[in-house]
Structure formats: structure tokens, C-alpha cells
């Protein structure tokens, strides 16, 4: 019998077709899919209710990012397997996932079948990431290193800007003042070497951040 047979799982992705593909993959391996969620808020409630053996979460989901979901789950002492998936920048989001406490990061560009290998690795006490964490910094390009210098709040502000939010919307979403948003934006632009929003969008496009 497969080591994954009868394990429970929750799939978190705001794209129904992506959830369906992952569901089919896991069910073929004997998983019991106990819930699906389309945003970070639903994700936290579903995990609290079902306490699954495995959580699969996409980085780019509404309400809060997949990375934030991982951080909150680990702070709540959720100790089971968490796999982060994304079609975006592997190095940037892979490192963020590891730092947040995920067991693995899977690039959708490489194929979701790797999710099964990642789960097997986690069951055996290993992490599964698209890079070696030791020596990771040395392998970064200059712009990748700039991205890694951002705080978690800086990343939230950057994602909000890239999604078209203005200062008031960002302040409301993050529960901070407009002045604090302006401070974060200033630090963000300085750390990334951007002098305008056009520069920031160009930077994001080059590095597949969004």
C-alpha cells in the first residue's frame, strides 16, 4: 500500500482548474481530499476544522498570500506537511516558503507531479526545494538578492502595488496608517533601486513577481 494512501489533504488555490488537477493527482495516490479553499481566509478556517495531514497552497491567492498562510499555520503550531506551489519566480518564492516553514516548494512550470515526490520527501524528514539552501545567497543574481532583502511587510506592499492598490487601500488591507505605507513604499523602492512605479513594474516583470 502506498505511504500516501488514506492521508487527508486540503488544496488551496483560487483557480478551480488548478485545484481539480491537484485533486486528481492526489486522489490517484489514495489521498482523501477533505476540503478545498480559494483564498487565505478560507484556508485557515478549513485547516483549523479538518487538521489535514497535508496542505497544498498556491502562493498567489486572495486575502493573504500562500506564504502568509504558511506563516500563520506554523505560528498556530500546525506541524503537518505543507507544500507551496507557484508558477512564479522559483528562487524568490522558494526561499520565502522555506523561511515561512513549508516542507516543500513546487514550481507549476516543472509539473505538479512533483507534489507526490515532495510529500514522500517530507514523510521521510526531508525538505524539497528548487535550490540548495546552503549557498543559496551566492547563487542569486543582483536583483534576486535585492528581493531577498525585503521584509515580509515590504513584500506585502509590493504585491499590493503590483495589483493596482493605492495607499489608502494598502493601509486598510494591512491595518496600518497611510504614513506607514508611504514609509514602506520608500524603503521598497530604495532597496530595489527603482525611481518610479514604471521601474517597479519593469523590475517585477523581469523577475516574474506579481
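Even glycines carry a Cβ here, placed using N, Cα and C.
Where the annotation comes from TrEMBL, it is an automatic prediction and has not been curated.
Taken residue by residue, the domain 'Response regulatory' (8-123) breaks down under DSSP into 58 helix, 26 strand, 32 coil. Sequence annotations record features per position, and here TrEMBL assigns domain 'Response regulatory' to 8-123.
Other Cβ atoms within 10 Å of the Cβ of residue 58 (4-aspartylphosphate) number 25 in total over all chains. Summarising the annotation, TrEMBL assigns 4-aspartylphosphate to 58.
Summarising the annotation, TrEMBL assigns domain 'HTH luxR-type' to 143-208.
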